[in-house]
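Visitor: Could you have a look at this structure, given as C-alpha cells, before my questions?
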Amino acid sequence: MAAPLTLVLILAVSIRAVLFRSSLAAQISERVEVVSPLNSWKRVVEGLALLDLGVSPYSGDVFHETPLIIYLFHFVVDYSEIVFMIADGITAVALYLSVKTYNKNVFRKQKYALEADRYPHDCLELMRSPKEMFYIPLKVAMFYLLNPFTILSCVAKSTCGINNAIIAIFILCTLKGSALLSAIFLSLATYQTIYPLTLFAPALLFLLQRLYIPVNPCRSSFWIYTLQYAFMFVGSLVVIVCLSFFLLGSWDFIPSVYGFILSVPDLTPNIGLFWYFFAEMFEHFRFFFICVFQINIFLYTIPLSIKLKEHPVFLIFMQIAIISIFKSYPTVGDIALYMAFLPAWSHLYRFLRNIFLVSCILLACSVLFPVLWHLWIYAGSANSNFYYAITLLFNVGQILLISDYFYAYLRREHHLSQGLYLQRKDGSEATLVLK
Amino acid sequence: MGLLSDPNRRKALTSLLTRLNTPLCVVCYLAGIAWFMGLAFEPFTLRTYMSENAMGSTMVEERFPSGERALATGREFAAQKKKVGGMPVDWLVKTMQARGLEVFTQSFSRTLPFPDENKERFMVRGTNVYGILRAPRAPRTEALVLSAPCSPGNSNNQAVGLLLGLAQYFRSQIYWAKDIIFLVNEHDLIGMQAWLEGYHHTNITGMDFTPLQGRAGSIQAALSMELSSDVITSLDLVLEGLNGQLPNLDLANLFHAFCQKLGILCTIQGKLQRNDWDSSEGYTHSAQTMMLMVLKQASGRPWGDHGLFLRYHIEAVTLRGINSFRHYKTDATTLGRLLEGMFRKLNNLLERLHQSYFFYLMPSLSRFVSIGYYMPAFGLLAAILLLRALDLWVQIGSPAPVSQDGVGETEPPSNPGVLSILTPIVISHLTGVALYTLPILSQDTAVEHFPVSETEAVVLTAIAIYTAGLALPHNTHRLISGEATEQGWRVLKLAALLYLAVLLGCTALINFSLGFILAVTLVPAAACVTPHMPKSLGALAMVLLSPGCTIFYCIFLFQDLQEAPVTLPECCVLFLSVISQGILDHTLYGSLIYPLLALFVYPCWLLLWNVLFWK
C-alpha cells in the first residue's frame with residue numbers, strides 16, 4: 001500500500017510545484033475564497049518584515065498569525081513553498097494512517113460482535129468487508145491531496161495547510177491511543193485557531209473507550225481520566241502560550257490573534273457567514289450577535305457528544321465540519337480537511353438521501369464564487385448581495401451534506417441493532433421518517 | 001424540510017419528475033422561449049426612469065452657440081488630414097493649445113497576429129492626441145472624457161470639429177467640477193485601448209505605447225462621438241461593450257432625456273421608437289430591436305469606441321450621428337447643446353453612476369427589461385438540464401435521492417469507473433486547447449503549404465480543427481477499457497449535462513445574451529442525445545445544434561434584422577470574417593468569447609457528441 005501512496009504524493013507535489021511556478025499562483029493567493037486575513041501569506045511576510053525590523057509584528061493591524069508560526073517561518077521563509085507542500089504531505093499521511101487504524105478497529109469490533117451474535121440476521125449486507133475497506137485509507141489521502149481546494153490553498157501558501165497538518169496529527173495520535181501526544185497536538189491546534197477546542201470531547205471519548213472506561217459521571221475512574229487528559233491539555237496549552245510570550249516578549253498576540261478571531265473586526269468577504277451579517281448589523285447589536293455566532297460553533301459539541309458517544313471518530317469528523325462551516329474566517333482549505341474523510345464513510349452511501357442535490361450545489365457554488373466576485377468587484381455590475389447569496393447557498397449545501405451523513409450514520413447504527421427490514425406491528429414494511 | 005426528509009413524499013416527487021420528464025422538458029423549453037419573446041411586449045417591460053438624484057432634478061441650460069464654427073474647424077481638420085495623409089498630430093496639438101487645453105500625445109504601435117481584412121491593417125502605428133481642461137471649481141480628482149475617432153477617409157471629421165468647438169466653449173465656462181479630457185484617437189479601438197492602458201498603467205494585451213505625460217483624475221464617465229455629416233437626421237445610441245458589458249442605464253436615460261428636450265430624433269440599434277405597442281407591427285418592431293441588442297451583446301465585441309471603457313469600470317456610450325433621407329434634420333449647434341447638457345449633468349455627479357441597472361435589455365429607448373425579468377427565460381432552459389440530470393441519476397440507479405431510503409435496493413450491477421468518463425473529458429478538452437492555440441501558431445505553416453492568405457489560414461485551421469474534433473470520439477472508444485456499458489454513457493451524459501448547466505449559468509450571469517443563445521441550441525442537443533438514436537440522423541441534428549452552427553444562425557438572423565438580408569454563400573463569407581474578427585478581438589482587446597467557446601463550450605458539446613457514438 002505504500003507504493004500507491006507514494007505515487008499520489010509525487011503526483012500531488014508535482015501539481016503544486018507546477019502551479020507554484022506558473023503565473024496563476026499570484027492570482028490564487030489574492031482570492032478571498034482561498035486566503036483569509038488570518039492565514040494570508042502576504043500578511044505573514046509583512047509580520048516577518050516587522051519582526052526583522054525589531055518591531056512587534058502585531059503592531060499595526062495586518063498580521064494575525066500566532067507567534068510560533070512566525071518564528072517557524074523566520075527560519076524557513078526561503079523554503080516556504082516546500083514547507084507548505086510538506087505540510088500537505090504530512091496531513092495526507094497522518095490521515096492515511098489514522099483511517100487505517102480506525103478501519104482496523106472497526107473491523108475488529110465487528111468481528112467480536114459477529115462472534116457474539118449481536119447483529120440481527122438480516123444485517124449481513126451491512127457488514128463491512130476487508131476488501132471494501134482496503135482502499136479507503138488511500139482514497140482518503142487522495143481526497144485530501146488531489147482536492148482542488150487543498151491545491152488552491154497550498155498554492156496560495158495559506159497557513160491553513162499547517163493548521164490542517166496539526167489537526168491531522170492530533171487525530172492520528174488520538175487514534176493510536178497516545179493521550180499525551182494527543183493533548184499536545186490538540187492544544188497546538190487550539191492555540192492556532194481556538195475552535196479545535198471542541199475536539200476535546202471526541203478525543204476524550206475515544207481514549208476512554210480505548211481503555212474500556214465507561215462514560216459514567218458516577219464513576220470515579222471516568223473523572224480521574226478526564227481530569228488527567230484535561231490537565232495534559234491545559235498544561236501544554238499554557239506551556240505553548242508562555243513560550244510564545246517569551247519568544248515575543250509581550251502579550252500583544254493575545255488580542256491580535258484571539259481577539260481578532262473572536263470579535264471579527266475584519267469584514268472582508270469570504271465563504272463564511274459572518275462578513276455580510278456583521279457588515280449590515282447596527283453597531284449596537286454587534287456584541288450580542290457576535291456572542292451568538294461564536295457560541296453557535298461550540299454549542300453543537302454537547303448534543304453531538306451525547307448522541308455519538310459510542311462513535312468518537314465520526315464525532316471528530318462532524319466537529320471539524322461544523323468548525324469549518326461556522327468559523328469566523330473560513331477558507332476552502334478548512335473544507336478540504338473534512339471532505340478528506342468522506343471516503344471513510346463510503347459504506348453510508350446507500351443511506352444518503354441528498355447527495356446528488358448537495359454535490360450539484362457545492363459544484364455550482366464553487367464555480368460561481370469567482371464569477372460573482374468578478375461581477376461585483378471588477379465589472380461593478382453586481383453587488384455584495386449576489387456574492388453573499390452564493391456564500392449562503394454554499395453553506396446550506398455543506399450543512400445538508402454533513403446532516404445527511406449524520407443521519408445516514410445513525411440510521412445504519414439503528415439497522416444494526418434493529419434489523420434491516422423493519423416491520424410495522426401489522427407486518428407491513430415500515431419506513432423511517434425523520435421529523 | 002419535510003420534502004427532503006420524508007421518504008414517501010420524496011418518492012412521490014421523484015417518480016413524478018421521472019415519469020413526466022420529457023413533457024416537462026418540452027414545456028420548459030417552450031415556456032423559456034415564449035418568456036424571452038414576451039420580454040419585448042410593452043406591458044411586460046418597465047419604463048425607464050432616472051435613478052441618479054444628481055442628474056435627475058437639477059436644471060441645466062444649454063447655450064452652445066457655435067455649431068457652424070465647429071463644422072468649419074472640422075473641414076479644416078479634414079484638409080489637414082488629407083495633407084498629412086493620416087492623423088494631423090501637429091495641427092491638432094496646436095489647435096487644442098490655442099483653445100487653452102493642456103495637450104499631450106501618445107504614440108503606440110501594434111502588430112496584429114494576422115492581417116485584419118475587414119479594416120485592412122496589419123502593422124498599426126499611430127498617435128493619440130488629448131487635451132485636458134482642468135476643473136476650476138474643485139480638486140482635480142475626477143474626470144470626464146469626450147472622444148472622437150480620427151478615421152481614415154472622409155468620415156468622422158465633423159465629430160473632431162465638434163469636439164474642438166466644444167473644447168473652446170467649455171473652456172470659457174466656470175462651472176466645471178471635473179476635469180474634461182478631449183481625446184482624438186487614431187485607429188479606433190486599438191488607439192483607444194492604448195490610451196486606456198496608458199492612463200491606467202496596465203498592459204494586458206501586450207501593446208507598445210508611450211506612457212501618458214499628463215493625467216487627470218479618475219474617469220467617471222465617457223462619451224464617444226461618431227459624426228460624418230454636417231446635419232443629421234437621427235442620433236443612434238450604442239451601448240454594447242466588451243464581453244457584453246453594458247453601461248449604467250442612467251447614461252442611456254440621460255441621453256434619451258436630452259434628445260427629447262432638444263427635439264432630436266434618437267434611435268437604438270438604428271430603430272426609432274414606435275407608439276403602437278398593441279399592434280403586431282409594433283410588437284415585431286420592439287422584438288427586432290431587442291433581438292439586435294441580444295445578438296450584439298452576445299458577440300462580446302465593443303460596438304463603438306466606448307466599449308473598452310467599461311472594463312475599467314467607467315460608464316460610457318457611443319453616440320453615432322446618422323444622416324438618412326428623412327426631412328427632419330438636426331444641425332451641429334443642437335448636437336453641441338446635447339453634448340453640453342449631458343456633460344453638465346455628468347459634471348454634477350457626486351459619486352459614480354451606480355443607482356440604476358447594469359443588467360438590462362432594451363426593446364426601445366424608453367423601455368427596458370431588468371435582470372429579474374429576463375433571467376427566468378434562461379432559468380427555464382437551464383431547468384431542462386437539471387431535470388434530465390435528475391432523470392439520469394435515477395436511471396443510473398444510485399440509491400441517493402430517489403429510492404425509498406436504500407432499503408431493499410440492490411447494488412448497481414457494475415459501477416462504471418471514473419476513469420472511463422475521464423478519457424473523453426480529457427480528450428475533448430485537449431481538442432479545445434488545440435482549437436484555441438493552433439490557428440494562430442500554425443498560420444505560417446499553413447500559408448507555406450496552401451495557397452491562402454494568412455487570415456484565411458487562421459480561420460480555415462480553426463474550422464479544420466473544429467471538424468477534426470468530430471472524428472475523435474471513434475478513437476477515444478478504443479481507449480476506454482473493454483466494453484462500453486449502458487451505465488457508461490449515462491454517467492458521461494450526466495457529467496456533460498451538469499458541466500453544461502454550470503457553464504451556461506456562469507455565462508448567462510456575465511453575459512445573458514450569450515448564455516441564452518447558447519442555451520437555445522445546446523440545451524435540446526444535450527437533453528435528447530442518446531446512443532440509441534439513429535446514428536446519421538442524430539449526428540446531423542447534433543451538428544446543426546453545435547456552437548459553430550449557432551454562430552452561423554446568429555449571423556443570418558443579425559443580417560436579416562438589420563434589413564440587409566444575405567444569401568447562403570454571402571453568409572458563409574461573413575461567417576469566416578466573423579471568426580477571424582473573434583480571434584482578433586481576443587488578442588487585441590481581450591474579449592473572452594473565443595476562449596470561452598474554444599476551451600469550454602466546444603469540449604462540452606464534444607462530450608455530448610461522444611455520448612451519441614457510444615458503442
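In case you wondered, yes, glycine gets a Cβ from its N, Cα and C as well.
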Visitor: Please identify the range among A:37-58, A:59-80, A:257-278 that TrEMBL labels transmembrane segment.
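Guide: Based on what TrEMBL states, transmembrane segment spans A:257-278.
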Visitor: Below 8 angstroms Cβ to Cβ, which residues of this chain, lying six or more residues outside the transmembrane segment (A:314-342), approach it?
Guide: 33-39, 91-92, 95, 99, 140-141, 143-144, 147, 149-150, 152-154, 158, 160-161, 164, 167-168, 171, 174, 193, 195-196, 198-199, 201-203, 205-206, 261-262, 264, 266, 270-274, 293-294, 296-297, 300-301, 304-305, 308, 395, 398-399, 401-402, 405-406, 409
Visitor: Within the same chain, where does the transmembrane segment (A:285-302) have neighbours whose Cβ lies under 8 angstroms from its own Cβ atoms, ignoring anything closer than 6 residues to its ends? I mean 6 or more beyond.
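Guide: Residues 195, 197-198, 201, 262-264, 273-274, 277-278, 318-319, 322-323, 326-328.
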Visitor: What parts of the chain pack near the transmembrane segment (A:225-251), using Cβ distances under 8 Å and only residues at least 6 beyond its ends?
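Guide: Same-chain contacts beyond the ends: 56, 66-68, 71, 179-180, 183-184, 186-188, 190-191, 200, 203-204, 207-208, 211, 213.
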